[in-house]
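*Asks:* Before we start, here is the structure in question, set down as structure tokens.
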Amino acid sequence: MDGGLGGNTVPTNTSDKSKVLDVKPLRTLVPLFPEPPEGPPFVCVPPNGPLPSGFSPFFPFSGQGSQSTPDLNQNCFNSTAVPLRSFRAEPPASGNGTHKHKSAGPSSVKKKAKRRKDSESVLTSLMNFNPGISLSERDDGNRELVESVLLRFDALRRKLSQMEDAKELHLGGLKRADLKAANMMLTKGVRTNMKKRIGVVPGVEIGDIFFFRMELSLVGLHFPSMAGIDYMAIKGEPESERVALSIVASGGYDDDDEDPDVLVYSGQGGSASRDKEASDQQLVRGNLALERSFHRGNEVRVIRGLKDHVHQMSKVYVYDGLYKIQESWMEKGKSGCNMFKYKLVRTPGQPAAFATWKSIQKWKQGLSSRVGLILPDLTSGAESTPVSLVNEVDDEKGPAYFTYSPTVKFPKSFKLVQPSYACNCHDACQPGNSNCSCIQKNRGDFPYIAYGVLACQKPMIYECGPSCPCIRNCKNRVIQSGLRSHFEVFKTRDRGWGLRSWDRIRAGTFICEYAGEVIDETKARQEGGDGGSGYVFHTNRLHESFKWNFETESTEDFDIPSPVIISSKNSGNVARFMNHSCSPNVFWQPVMYESNNEAFLHIAFFAKKHIPPMTELTFDYGIPQSDGTGADNNPAYGKKKCLCRSAKCRGYFY
DNA sequence: GTTTGATCAGAGCC
DNA sequence: CGGCTCTGATCAAA
């Protein structure tokens, strides 16, 4: 792959590599806003908080939705909200600062009981939020509702998980924040498509992915929390005529899958368990319903439960659309007992979903090559995972020349000097350890939960840095560990080059940081003006607010000491290819960590929601705000027509 | 180091 | 209310 590339393409020669990894500042810039060393932080305009005083909201930001659809952007939940921190502050015991959990002596039982009571009161307070969904919205959903329910479920799940990690909450002996969160959502009525139905579920799209069975339930795609077959009675017909609505094919019965459009599904029951021998399956419940659906010919929703190759142990559920049962029979299973089998065939004309997963698997194994592949790794090894360069739409051989650099370069004078906060943890930092100074810096919260998922947005996230003695894979080192997904820079139909991922991305997952050179306003204008490369990131733009955190957890302004502008025009990473969308699936969050007693600011991108593979990654570029110098409304950064095609498109972006 | 199996407490629904 | 079920986290074992 070294020939055929013109001068206007990605560097492929390895001689660039030293340059690639050279993080020395190119030049020295005067700080934009010199700040007193210990002064209160200068808080810049929030990308997702209330508008600062002095600005009146203009069209895209003024709440337009007045239906009962929960507008999570409105702070309507704050009235009854109990600040969570007040619970957290409750001492776990009569500690004198040291929080050892070793409880000896006669009081241990009491403590346990007290702890459970604490957990109950914490849960009760967590439940104190406004469901914000009308009865009819519970019955019938739409895209907005489905996304909102999933967003809110996961925010709660992350919250519970984080609290459990920190031992502030005990959910029975079992770590099942998913069940608890779903239980709370169902209790509060935060769900949609509750009305059972055959076929399409409004708001759920083919290709949508889920990480918990309860998510399927909350949006009405498949109700049972465990069972693989969902069914319902037809009005005016006897119960024995119940038809199948959906199945979850999780591979538990050794079904093979050659053709992605065909599924052989085993009936339920009969399998051996702890205190039961294997037995013949009976034509009852789900099996009977599938049999009825076979004869009636109704479509059945299929959810493919797949082994998640990103996290070997877990599973991911892919909604693969509608199928029809073509055949049913009985055969002897491995145990020698009778099993029902159903052959389902996918209704033609539906967008690819599971098939895409299969293709990607083949690309990864090298069994079939990616169509339109220009470069297997445009980073030339600068990242730990390859980034493919692909063009399936025209003849362009690559984006304009730039140097791939995986991180951001600060000019010398722009280092953000702070007192050291390095921790003293010698293994990995443990959530709930109030002695860890990195956790203290994060206001007592461990910023990440299992799988490195961001728990919630914060004014600033502090990661452990080189000055911390904790181990390299301490859970508080996420963004510094580099890319986690196999990305692909691809040519879009009408928006130049874009970014997407071969791997599914779970909500809260770190995507990449915005790499490039930190520049000043003057330089930014030049870059924006000289043909509108658009490869510039600003921290101080106005962004449409959105609610990502748990219900009553406020979304605060970012705590960025002074506005930062990063240019990725000449050097940058995959972030420079992320296009704008008015309904983005990615958001940014400032993150700091120390290096040589200096803290550096990083702009980190995280997934807002679960993102299926091959879905374009986009974030909201925001709108230049008035800075009082008059340099705002005549956007030197050029107003561009927005092609994001989302229902909430503002029509343009900068 | 990886991957699989066994175990266990669950959730909603019928 | 009890039984049913293609869960999901954890730990032991291969």
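Backbone N, Cα and C atoms are what each Cβ position is placed from, and that goes for glycine too.
TrEMBL does not curate its annotations; it predicts them automatically.
TrEMBL lists these features:
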type	residues	note
COMPBIAS	A:98-116	compositional bias 'Basic residues'
DOMAIN	A:199-346	domain 'YDG'
DOMAIN	A:421-482	domain 'Pre-SET'
DOMAIN	A:485-622	domain 'SET'
DOMAIN	A:638-654	domain 'Post-SET'
REGION	A:1-21	region 'Disordered'
REGION	A:87-121	region 'Disordered'
*Asks:* To what whole number does the mean pLDDT across the domain 'Post-SET' (A:638-654) round?
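*Replies:* On average, pLDDT over the domain 'Post-SET' (A:638-654) sits at 88.
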*Asks:* Over the span of the domain 'YDG' (A:199-346), count residues by DSSP class, listing helix, strand and coil in order.
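*Replies:* DSSP classes over the domain 'YDG' (A:199-346) add up to 21 helix, 55 strand, 72 coil.
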*Asks:* DSSP-wise, what's the residue breakdown of the domain 'Post-SET' (A:638-654) into helix, strand and coil?
*Replies:* 0 helix, 4 strand, 13 coil
